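Report on one structure; see the data block that follows.
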């Protein structure tokens, strides 16, 4: 049951890099929602490689088709199948790599786990798998926006050792994020990142980065303690994105150095109920949203597939020098922005549905 | 379904701070395992408050009883119910706090989510809830140890701004961890931490810290991509522990600054299959264990309940100065060590069972 | 995950016949419900053996205790653990049977599945396991009654070849059912059943029977097609009761002989929306409740444990003549009435919660 | 989560009658299985309408395509997406019926549950939805056959009041079943059934029927008591098939009239472990397979959509005389045979995977 996520808004993805198509089945989408491909395509376009010289040049158009679950542009409450055809289904570029597991890639572990693996392109571990997540997330985001005016904005905070200036959680917009192709709203830092990545691409190397995300207008009360605390499900969701190595929410690792008297967020009276004067909690207390903005950061490692020659061994243990062919992202964070937002939407909508059930049946 | 975790080794916890008892039901424990309370009690003792002057003084004996699921000291394959009685079931110390949500605690969000909350002690958000997790984790750990010789060792890496020297992942033992009451294997740092915490306790304040964990002898092939990658479930498990704010695995956030050529872990031939020369991956590639040690770090915030007076508002929005009564931990990381290990065991055993099903039915 | 049931109202039972206790953890009960042991005990008493000479004489008091999840007599929205102590924890009466699997009992299959089995009393396959179900069902029933005025009434329709007169689905009450110890509202038939069962008891034999159940005031719209159609979950729930062999809803097997023109239920205008003039559908169409009474029947086989000598073989295949010791029910249907009602309540409440989530989030 | 089924072999179906396509995603299929469309198509063909004059004339070719999850004709262990295009996507024949809920059909309940419904053809409640189930079942059946030599054979036992002679559970083959287009292996009865159905078709009426199913070579030990007893999951699976009203296993309802001394199945020594001399248990004891053939019966009601005029009311409660247009099955049982077999395969494979995990990790 590895490729499903959620309890009431449940998504099940499918597809490898070079099969007939990739996609997702959404079970539990609320009925009556106005929905066409145009609601989904923009996030797929933001996720797509080849948007700029800073990501891989492969032209994947990634046009989504709604196979089922809507009629006359409205959801029926039945499973919504979304699909994107794979244009090029012929495994080719990866020939030599079939016998050599790429260091820090999934080739070795997939082979050991399944006793078989897709002969090329990473199969299910490829970033292409995230198309289903992003498509389902776009639908979830629309529900959340229409019901609660929820806003989810992720951006590139750092690439390699270049870090953007701190952003204003309360005002940052997706437009600001998309002002640069690298999706860093600090245009100064963005320019440096782009230069650095262009260099890396030339050199056949790669780099990591950090994506930040804020979610505004979250209803109070979302999250299902104890094992499905809101931050716990967000953490699972983010670490399920390929190439992620870390997650922190609110004060995160830096907060461990503070005193309780410094770290605590005092309550203040607000228009509707209470708010907090500070937000070290990152919008979640005891595993439940408190109405303040939720914000978190995700660490992405440098992509494993690089053109530079790497000394390693083949599946039989023989020493080899691997030079990966094909065109690969030198840095995934610009594309990861849409994936992070989508994953966040999947978590939030599922939690919102569960809380609505509770509210309706409480005494 | 918030209080359940796992697919094949499924645990369901119950209990608030001041009801009749806390515990867990384990569904799916392999049959035939030798199991008595003596296998479970040690980890509960390590989790228990009042072990030293560095944690709360409340004497909770936390004696576990096996209610069901074993006969003649062996598991039957049926649900194992484990229970710890609450000695003091009378809510008392928390009187005034009933009307004042503690800053950064779960009082406010529980009240808003459920429309009701336990009148004292944090109810289900109390650290006491973790007893069920630790008990179930101790059972899981025994299964993993007997089947695969898995070793899980967590320790206090930092408390506040005091950080231990780097530890050797391959050799660190639980004995070394327990050499100091604060469970920091660097005894020099441990002494400083203890002095700092004693001071904080005196001052009525608290501090955070970081727990590190390594898991050795993990079979290759555990983890269920894509949404249940091994690191994703570990992240969920760790962020489900009260007071956690971050998780990172392998190279983590620091790894985002590296080049791919620096970060990749070259494969090397080992006795059984392949290993890696370095371990920036933290023992997991593509969401699946690769046989190398798994290691990760968890950020714990400073405990929210402090004696120092805090300006805040009550549930009605009136300004108040809150001075928390009762005795509370100035720092949770020493006790968190056993919880981290237990959560890790829950994740691993569930994944091991799922992989065994696959292996047995593969072609 | 065999001992859990439900998605939003999720119950996890535990306990064998001769361990320390049996019980259940309920996760997802709506908060704020007034709940004490007195709400649960009556159905446990109706389920209990030894209520009359028609069932086993063992005196099991089965007093339930709420371990967690309530405070001041109201539910907190947290897991509710309910427990009943086992009075006699010493396996004794079953000595000889340890080596001889009782025909048509679970001794053989449990041993083969788990490689171990409880040495006595059927362990987890014992009817005693149903205590957890009945306790959780009593809570669910209260929620359904208070929220929707749902009424669930089961009764003994037949025992052996003695069948009660047809009952009025719209008016039958639990009081009418309990008017005879055998829980057959046709007192004439009840008397015959009792005489027959007394004879069987004397003879050391047993008989089967059929339980009917009607559920009134079910909200329209419950059931989650396609795999979790309302009748599908009811069927699972009923076949999960020990000793059941069949389930039919509405027109059932007899309806297969009708023409569509005879079988179809024409719609008629009612006060609130539509109703149907007849009810061959049994209150469910397309897997979803239509507001009419839901009714169904469950077949119970004759209990397998009988005193009459049976030629069979032991675990090693040696021919033996088995004479079961101990006191056993000659007919389970009188006690099964409460179990059927409880299972129905578990299904309905879970479906109601899921539908409320949908309603709240529809467009 | 209504359209998913299974824990380790988990299927998620999608598609209405008149959207772009219908299909299924299978998560958890064992890797390395040889699999092409040719393994799946035969059961889809047996399920397809228009196979003979006894079912609807619509020509649905129902050609399945494997979208993902295989490479070079072998499964990768990743999600297998299977899809069948809908040839005619224009809702048409159903015009008038949009305002009139068909008696005993799902039109009314779907509208009430979701607040919207597919304008034609029953949408998700259409028999067309079962394509996904049958496709996934065909894959499951191949796994079971190759691993355990499991044989699953269903047949038409009765149509209306015409009943076939009793069949030999140990020898009946799918070839015998397919010898008549109505899939009744008693060719004498089959001829009568066909004549009767031809008459009904002419008359614009419909009839019900009973499908029997036997499963041979089931490994001992499958089934997950207590809530997921093997018969409980079979019951859920069968009642999830459209138009079903009842399920019985082994001695079923008739067995309720027997004495325990008549009904019990004495054990006998067999080559491998024990068998039973009789099989009133239907191959399952205590919720767990005992190695004997599993057999059960399913009641199908007469199809609700008939051409005969029916007095009923429209959605607004106005009296109308409904004459359904379009071509519809007068009797579903011939096509249901493949669906029953597929559902059985889904249940068994999931249980087999779960038991393999247990066996591998037992002590």
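Including glycine, each Cβ sits where the backbone N, Cα and C put it.
Per TrEMBL, the stretch carrying the note region 'Disordered' among B:36-72, B:73-109 is B:36-72. Counted over every protein chain shown, other Cβ atoms within 10 Å are most numerous around B:124 among the binding-site residues B:47, B:124, B:301.
The binding-site residues listed here are B:126, B:305; among them, B:305 has the most other Cβ atoms within 10 Å of its own Cβ. Filtering of the binding-site residues B:47, B:126, B:301, B:303 by Cβ separation from chain A (threshold: under 8 Å) yields B:301, B:303, ordered along the sequence.
A simple way to gauge crowding: the CB of residue B:303 (FMN binding site) has 25 other CB atoms within 10 angstroms, across all the protein chains here. Taking the Cα atom of each, residue B:126 (FMN binding site) and residue B:47 (NADP(+) binding site) are about 13 angstrom apart.
Contact with chain C, taken as any Cβ pair under 8 Å, is found for the binding-site residues B:124 out of B:124, B:126, B:301, B:303, B:305. Residue B:301 (FMN binding site) sits 17 Å from residue B:47 (NADP(+) binding site), taking the CA atoms of both as reference points. Cα of residue B:305 (FMN binding site) to Cα of residue B:47 (NADP(+) binding site): a distance of 19 Å. Across B:124, B:125, B:126, B:286, B:301, B:302, B:303, B:304, B:305, B:327, which the record gives as binding FMN, the greatest C-alpha separation is 45 Å. Here residue B:303 (FMN binding site) is positioned 16 angstrom away from residue B:47 (NADP(+) binding site), judged by their C-alpha atoms. According to DSSP, residue B:301 (FMN binding site) sits in a coil region rather than a helix or strand. Residue B:47 (NADP(+) binding site) carries a helical DSSP state (H, G or I).
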